[in-house]
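Visitor: In case it helps, TrEMBL gives these features for our protein:
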DOMAIN    4-393  domain 'Serine hydroxymethyltransferase-like'
BINDING   Leu114, Gly118, His119, Leu120  (6S)-5,6,7,8-tetrahydrofolate binding site
SITE      His222  site 'Plays an important role in substrate specificity'
MOD_RES   Lys223  N6-(pyridoxal phosphate)lysine
Amino acid sequence: MIKQDTIIPLLIEKEKKRQTEGLELIASENFVSAQIAAAAGSVLTNKYAEGLPGKRYYSGCHVVDEIESLAIERAKTLFNVEWVNVQPHSGSQANAALMMAVLNLGDKILGFNLAHGGHLTHGSPINFSGKLYQSFFYGVNRETGYIEWQEVAQKARETKPAMIICGASAYSRDWDYPQLRAIADEVGAFLWADIAHPAGLISQGLLNNPFPYCHFVTSTTHKTLRGPRGGMILMAKDFENPFGKTNKKGALHHMSALLDSAVFPGTQGGPLEHIIAAKAIACYEAMTKDYKTYVIQVQKNAKIMAQAFMDKGYKIVSDGTDNHLLLLDLTQKNLSGKQAETALQAADITTNKNLIPFDTTSPQVTSGIRLGTAAITTRGLVEGDILLVVEWIDRVLKNIADDFQIKKVKQEVNKYMRNFPLTTVD
Ligand SMILES: Cc1ncc(COP(=O)(O)O)c(C=O)c1O
């Protein structure tokens, strides 16, 4: 008899209450459906399946083979691509495997500056990517908050990287993939798009399509795509690897084979088949009309939120958004991101402090907060609700030292959000 743990179930209930009654504005979060949660918590967690469908190192894989093959086929259909690996345990794992497959130790990479909204795995010195490879960065224009493609071209000509990385964690504008590909071709670099954040919007054609232009695309599955926590690597078209890397049978002559082997055995062991099943369901859901309606609303809500803040005199980096997130610049409000995050959390409004471009403070303090609409749109919030959300945030930030006011906002938030059931529970 297995003794029942009474503590963790209680804590899960506590977390469920927090998620239900609060406003989730962290741009990288979302709420999965009950069927995705069920797959992620299923018996599939029991199965070891090192290798790929049909080529496993363990027996008893015939069912998970069907599951993983379906996940691959659905992801290929969703993004209209030729090749996908659905095994990376996370976005960072996908990026690590890709870099291992494509780069040699010490190769130069050119990515978007972490301090302007880039991601750790794009060359930060505190991450494997900045330790194993020589990293260079481009940033945004100080006045406009936009990346300027001319600057990327100039940096690429100066540094001659082996890979140019596009994609971000906190950039609210779209990417010019044809321009980036032209730059990559000019300097002889590979082009990689990390679409961890906007994958859902890209899948529905709401943002520029990276696939025809980028040699490689990586993504997470848990942000706008609204699947389980995880990653994947995709290629619009497989191509012959230019490194002449082959095994004895010459079997690694395609990039797909190099990438597959960089995931396993290169950087991971057994794939998480319960999560792969949940990814398959997420791709299935993402091909429905309801999901399209959802992401259209995510983008609409972000635009409305940005405009409502600007109408109240707030500065938004780049003065708006094309995608699902925005960066609130609090410098003119004499508030740090840390102060804002803490006060908003006291009102059950969950955000994250974030550096703004050219920030003069540290990542622990910051001058901004990042806000995203993917999660609250899943809860069912639409235009009118977004205006109310902005009103609540404004009240908290204007009354940052007034516990009574903040408590009042919390009560209003909790009461309001109880009307929008969590999709994760039946
Ligand atoms: C652009 C980008 N790439 C990669 C990741 C890493 O994903 P994970 O947290 O699943 O490792 C993130 C996560 O925030 C991200 O924003």
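The backbone N, Cα and C atoms fix where each Cβ goes, and this holds for glycine too.
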Visitor: List those of the recorded positions Leu114, Gly118, His119, Leu120, Lys223 whose Cβ lies under 6 Å from any atom of ligand 1, in sequence order, or write none if there are none.
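Guide: Among Leu114, Gly118, His119, Leu120, Lys223, near ligand 1: His119.
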Visitor: Taking only same-chain residues 6+ apart in sequence, whose CB is under 8 Å from that of Gly118 ((6S)-5,6,7,8-tetrahydrofolate binding site), what do you get?
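Guide: The answer is Gly111, Phe112, Ser124, Phe137, Ala168, Ser169, Tyr171.
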Visitor: Determine which residues of the same chain, besides Leu114, Gly118, His119, Leu120, have their CB within 8 A of the center of the CB atoms at the recorded (6S)-5,6,7,8-tetrahydrofolate site, and list them by sequence.
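Guide: Not counting the recorded site residues, we get Gly111, Phe112, Asn113, Gly117, Thr121, His122, Gly123, Ser124, Asn127, Ala168, Ser169.
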Visitor: Could you tally the C-beta atoms, other than its own, that fall within 10 angstroms of the C-beta of His222 (site 'Plays an important role in substrate specificity')?
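Guide: Summing over all protein chains shown, His222 (site 'Plays an important role in substrate specificity') has 26 other Cβ atoms within 10 Å.
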Visitor: Closest of the binding-site residues to the residue listed as 'N6-(pyridoxal phosphate)lysine', Cα to Cα, picking from Leu114, His119, Leu120?
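Guide: Nearest by Cα distance to the residue listed as 'N6-(pyridoxal phosphate)lysine': His119.
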Visitor: Find, for the listed recorded positions His119, Lys223, the residue with the lowest Cβ contact count at a 10 Å cut-off, counting only other Cβ atoms.
Guide: His119
Visitor: Out of Leu114, Leu120, which of these binding-site residues shows the lowest number of other CB atoms within 10 Å of its CB?
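Guide: Each of the binding-site residues Leu114, Leu120 was scored; lowest Cβ tally within 10 Å is Leu120.
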Visitor: I'm trying to understand the geometry here, so how far is the Cα atom of His222 (site 'Plays an important role in substrate specificity') from the Cα atom of Leu114 ((6S)-5,6,7,8-tetrahydrofolate binding site), in Å to the nearest whole number?
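Guide: Counting only the Cα atoms, the answer is 21 Å.
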